[in-house]
Amino acid sequence: MVKMDKRIDWDQYFMTQALLLSLRSTCKRLSVGAIIVRDRRVIAGGYNGSVSGDVHCLDEGCYLVDGHCVRTIHAEMNAVLQCSKFGVATDGAEIYVTDFPCLQCTKMLLQTGIVKINYLRNYNNDPYAVALLKRKNVAVKQIKFTDEDLAKIDIKTLLKDGK
């Protein structure tokens, strides 16, 4: 049984899930994971990678055009597409993404009704994306982990004894 002092908070819980999803990324340049949450329930998840069944950047290398890999679908897009595929509404939900969304993903998230963006790391934060989020009153929060928090989610310890 997990002791109360070993519990991570909700933001860390969902961000940890996004981090785990990022381990499935097929991109060589940056591994990103995203979790869409409504009412403290995960409704979808995604990671950056190629179209299902197509070649992966890990196998073939990145397909770069103007400095961007056009083979990769971003984690945020994959999570939203999962909602679409299974008929799950995103309106009023929030997203946990390992890296600050690019401009295109920011616009897509605004259009899908996401009301809060939680991110772990800054990544080429586009000034226009930041301005759009402010104008649309979308909450933005950077999730932090202290060394004490990281000790609570030590995978080796959890695998050994679950305590």
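Using N, Cα and C of the backbone, Cβ positions are placed for all residues, glycine too.
Heads up, TrEMBL stuff is auto-annotated, nobody curated it.
Residues or ranges marked as domain 'CMP/dCMP-type deaminase' in TrEMBL: 9-135. Summarising the annotation, TrEMBL assigns Zn(2+) binding site to His74, Cys102, Cys105. The annotation active site, proton donor is assigned in TrEMBL to Glu76.
Summary for the binding-site residues Cys102, Cys105: the Cβ-based neighbour count within 10 Å is maximal at Cys105. Neighbours of the Zn(2+) site: apart from His74, Cys102, Cys105, residues of the same chain with C-beta atoms within 8 angstroms of the site's C-beta centroid are Ala75, Glu76, Met77, Pro101, Leu103, Gln104, Thr106, Met108. For the domain 'CMP/dCMP-type deaminase' (9-135), the DSSP counts in helix, strand and coil order read 47 helix, 31 strand, 49 coil.
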